[in-house]
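Going by TrEMBL, these are the annotated features:
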type: BINDING; residues: 19, 20, 21, 34, 57, 58, 59, 60, 116, 153; note: substrate binding site
type: BINDING; residues: 203, 294, 325, 351, 352, 353, 354; note: ATP binding site
Ligand SMILES: Nc1ncnc2c1ncn2[C@@H]1O[C@H](COP(=O)(O)OP(=O)(O)OP(=O)(O)O)[C@@H](O)[C@H]1O
Ligand SMILES: O=C(O)[C@H](O)COP(=O)(O)O
């Protein structure tokens, strides 16, 4: 994988695939970490006289134009952080994109509209993705892969486009891979992975492979309820991945046979509904009332998880322990974050929302060895999987 320093970019149109998938409240960006992380590569290209065409996704609009997922607010923030104008295209490969890109002078930056407004971006059909990648390729002469958070996606802009243009990895991708490689090569033990969050179906899949690598797996957040259900417990209205209950039963058996400690919540904050002010009570994780929804791990679980982190030498954490965006349900995430900050271990936090949670809770970013921009991407890297976006850059 070569870096951007090895590309001759002056006067050339360089397509930068970034991960600008930031949390939004309406049009307000609630955490701009991923935009900040994308700035150094873009700035370097600007300084070297490239005509920079940035592209990214936001949310999961599933191939149709969805105004609430427009990158317009991101474009404004990117311009502020760069201290440069950013020409925003109102579409991805249409007339607006073509004219914005054609108008770029050396050292200028454009941002295309959300890649996922186009069905070709995420299509499972290679030909459909390829056709869309051809249109993206027509916008540039060189490709830079810098969207680490999305390198696990076999999407047109991540996987097919670098096959069509001379390419290099951006500085963010190189830095992320360097840190994560340390975790895959002989990590100091005990090696503990903490999983939470809401992308349950995506991330349950990684557990099978992680079980052969870690000593301990702590499961909280929206992930935990499928485990509790698979043990036969009622989980009420909590997040549940019904179709993966059997698979999860298999994980419990495999963890036991491998001697991996799989630690689940023993209590949860069970709310009457999903909301910042929803009334809630602390209940045993084995007795969640049918009309309640688990929105955070409870106080006994916080202590349990902290004790399981106390002797760790290596920790990877992805996914908040609860709905940390609501103050009342942020305590579990805070407890895990604080346990990591006070730990001597090599600690890596990964994921858009996980990193945002660390910042929102006011924890010192330098309290962690590394804060990664990728959640699912980091997990799949740690599993030892070949990630499409990295494989394409290596070719
Ligand atoms: N018990 C729960 N019920 C519902 N949502 C939850 C629960 N616990 C955590 N969440 C939500 O999970 C979301 C984050 O999950 P996610 O899996 O996307 O993590 P991430 O760090 O952003 O990783 P990635 O970068 O892969 O997206 C947060 O918005 C949080 O509110
Ligand atoms: O938030 C993330 O993990 C990345 O931006 C990828 O988003 P996705 O899970 O919707 O593909």
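Backbone N, Cα and C define each Cβ position, glycine as well.
For residue 354 (ATP binding site), applying a Cβ distance below 8 Å and a minimum sequence separation of six or more within one chain yields 196, 197, 317, 318, 319, 320, 375.
For residue 116 (substrate binding site), other Cβ atoms within 10 Å of its Cβ number 24. Mapped onto three states, the DSSP output places residue 294 (ATP binding site) in strand. Once Cβ contacts within 10 Å are tallied over all protein chains shown, the binding-site residues 59, 352 are led by 352. Here residue 294 (ATP binding site) is positioned 24 angstrom away from residue 59 (substrate binding site), judged by their C-alpha atoms.
In this structure, residue 59 (substrate binding site) belongs to neither helix nor strand by DSSP; it is coil. Using Cα positions, the member of the binding-site residues 19, 21, 57, 116 nearest to residue 353 (ATP binding site) is identified as 21.
Ranking the binding-site residues 203, 294, 351 by the distance of their Cα atoms from the Cα of residue 21 (substrate binding site) places 351 first. Proximity of the binding-site residues (21, 59, 294, 351, 353, 354) to ligand 1: a Cβ under 6 Å from the molecule is found for 294, 351, 353, 354. Other C-beta atoms found within 10 angstroms of the C-beta of residue 21 (substrate binding site) number 24, with every protein chain shown included. Summarising the substrate site geometry, the residues cited as binding it (19, 20, 21, 34, 57, 58, 59, 60, 116, 153) extend over a maximum Cα to Cα distance of 18 Å. Taking a Cβ distance under 6 Å to any atom of ligand 2 as the criterion, the binding-site residues 21, 352, 354 reduce to 21, 352.
Across the residues the record lists as binding ATP (203, 294, 325, 351, 352, 353, 354), the two Cα atoms farthest apart are 22 Å from each other.
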